[in-house]
Amino acid sequence: MLPSSSPVPATLPPESRLLANLNPEQLAAVTLPAEPALILAGAGSGKTRVLTTRIAWLLQTGQVSPGGLMAVTFTNKAAKEMLTRLSAMLPFNVRGMWIGTFHGLCNRFLRAHWKQANLPQTFQILDAGDAVSAVKRVIRAMQLDEERFVPKQVAWFIAGAKEDGLRPKDIEVRDAQTQKLAEIYQAYEDQCQREGVVDFAELMLRSFELLRDDPHLRAHYRARFRHILVDEFQDTNRLQYAWLKMFAAMPGERDALGETATGALFAVGDDDQSIYAFRGARVGNMADFEREYRVRHRIKLERNYRSFGNILDSANALIEHNTGRLGKNLRTEAGPGEPVRVHESPSDFAEAQWVLEQAEQLHRAGTARAEIAILYRSNAQSRVLETALFNAGVPYRVHGGLRFFERAEIKHALAYLRLIENPDDDTSFLRVVNFPARGIGARSVEQLQDIARATGRSLHQSVGALGGAAGTKMANFVRLVAGLREDTRGRTLREIIERMLAASGLLDFYRAEREGQDRVENLEELVNAAESFVTVEGFGREVVALPVDETAGLLPDADTGEIISPLAAFLTHAALEAGDNQAQAGQDAIQMMTVHAAKGLEFDAVFITGLEESLFPHENAAAEPDGLEEERRLMYVAITRARQRLHLSFSQTRMLHGQTRYHARSRFLAELPEGALKWLTPKEGSFSGGFSGGFSGGFGGGFGRGSSYGGGHGGGYGGSSGFARSAAPAPAPAPLPPKREPDPSGQGLRKGLRVFHNKFGEGVVLALEGSGADARAQVSFGRHGTKWLALSVAKLTPIDD
DNA sequence: AAGCAACCCCTTTTT
DNA sequence: GGGGTTGCTT
């Protein structure tokens, strides 16, 4: 038995309205037959629109039911965006659909098949930081040198191996070092298994292996998902592509149910925007896909609705310098627009000052600050820029850095919650066993770990064997967690968290701390997050735009139909979506971020700073041709973020690692078309030859030397501003989803009825909610407790009294 | 257990 | 240069 699909809705918008305003290429892509297809979607070409419209069109024309398609993205944001747009296009709840991130969908899959995947039902997800601490524990337990086996690097190695589909036994042992690494990997795997936790890569690998090794399960899913749509396909790694292959049969492939129709894998991507090779992404997957699936439909989306001509000309000319491209050229009907402005500064400090002044000038001329982005290659560059903005009192927002669920106080709180769910989660146990301080020293913890190691049990299970005063304190801690578990059973998420915060002493601890105000506020924010989570989650409520992974946790178990607890769902959410990083979101502030972080975003005005050799392209990447090409793609991504105005900036000197460094201007500047540029400082600058001579005279003097240099088109302000934006595709007006009458009596159930469940035995129906595929019943089973069951899966037989 | 000095790193990193 | 962590000292 498997999760079933939702019914097809009664009313849909007419096909003509769905397809209106698509350009010919977009239309062709949207209406392709159910066959493998590769869409080369240039920056700003309406990629998301094609994806969502295709989904809507497939549903509208009855080619597929909502449960029969899957759409995969990389980020929660992209998945959310897709769901939001879809719910505006379709008159029904998109919630049950398999639309989400790779990891979110894997989680959903493993929650439904936890037994077959050899996982505990309450398995927890380790984020990157958790994984490093877990690796560290393994290395210590093996008494290895942490200098030689740096936990972070080992964690990277393990993740890399998993993303290549390799288990410890598959690691090719070339030397003593890899031998040991494979051993650590094995021990780490054992530890995770023992503790009931999985890391990000494990989510993927475990679900891939389950499908690979179970032909019937694979056949089931292949028969179910008639259409599989993938966003940002150029960023997929080996494992992700292999995972997709499990869901979409290749031409001529047979499976347990006989010959399968070739899976309609609809891949959307842009090889020119592949910027994650360093993390294992494999652009080659695009070519492999075309070959292996004998792709007959390849469509290029080259019409750009975002940027003016000069900006696109720059992007096109730059990327021409790369080899082995699939070939694509962006074009626009928006006219050339403003020239791309290039500026040289004597120092990074002066550069920051210039950017600040230009940005503020734009703001005074009417551009919202939130529509101005300052981009840089590496995070270290943000500080001098931040300082300039801060001193000028200009509001700004730095993207990246610590995110909500990664904050220490939040991780502590989550650790308590995870222990409530799964006491064997040793990572969480160690995090909070002595936090807030309970007089449990490091030595006692080590003793406990020794016992646990010797007996092969979790720390929590080993506490009883620890004697002495330390043993008593530990036992108190275990009792605290157990008490919380008892105390919070059946309570709302809000109550659970509030009780935990009080009973654990976390809140008191931070209240007493001098600098703890922010942390207290964050903990309060956690309660709020839980509250809104529940509201969105709320059984039976209409939901229009729904955060993706939040649905995942509530999928019913494949065997019993049991729905996991809101707490478990919340913990999954916390692990899979780290949350945003800034409280000041919403304010009109200048946006600052790395180029990587800017991918997928767009702004009226963009500043690309630090365009210097060894910075951008970065010195570590420039050595290899592949590295240089990726840097160039990175520059391409940066350029194509701009709608109306683009500023390129570089500096003669820069403080780096505590030293003043002198860099030549980036080679990328020379790869841009002269006609699209306007040099605000002399193109052949007085310092371009190096850093000798009248260097000091350059400070300050090089400033505001006016715009009379260079030349090309002037172009004038105003007039055309806003054009690019209004020409961009807008989502169709949102028809409100019709309210559906709850019909929970699908199985002839009613409140108070006594029922029988194959696994849980006799029970009494306490409540009924939702309808159709969403219908749920709350049943009290006595010995097995009270459970929410999905009626589409759970078999409940009424018992006559 | 807290506070401070010493030490280390320093590209990007969606999940 | 600076931020974060570690470990030593009180």
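Each Cβ is built from the backbone N, Cα and C atoms, and glycine gets one as well.
TrEMBL annotations: computationally assigned, not manually curated.
TrEMBL assigns the feature region 'Disordered' to residues A:720-750, out of the candidate ranges A:317-347, A:658-688, A:720-750.
Looking only at the domain 'UvrD-like helicase C-terminal' (A:309-600), the predicted model's pLDDT averages out at 83. Note on the binding-site residues A:Ala41, A:Ala43: the fewest other CB atoms within 10 A surround the CB of A:Ala43.
A:Ser45 (ATP binding site) falls outside any helix or strand according to DSSP and counts as coil. A:Gly42 (ATP binding site) counts 25 other C-beta atoms within 10 Å of its own C-beta, drawing on all protein chains shown. Around the Cβ of A:Gly44 (ATP binding site), the number of neighbouring Cβ atoms within 10 Å comes to 24. Remark: of the binding-site residues A:Ser45, A:Lys47, A:Thr48, the most isolated position is A:Thr48 (fewest other Cβ atoms within 10 Å of its Cβ). The ATP site is defined by A:Ala41, A:Gly42, A:Ala43, A:Gly44, A:Ser45, A:Gly46, A:Lys47, A:Thr48, and by the 8 Å test on Cβ atoms against their centroid, the other residues of the chain that qualify are A:Val50, A:Asp270, A:Leu301, A:Asn304, A:Tyr305.
Around A:Gly46 (ATP binding site), taking its Cβ as the centre, 23 other Cβ atoms fall within 10 Å, counting all chains.
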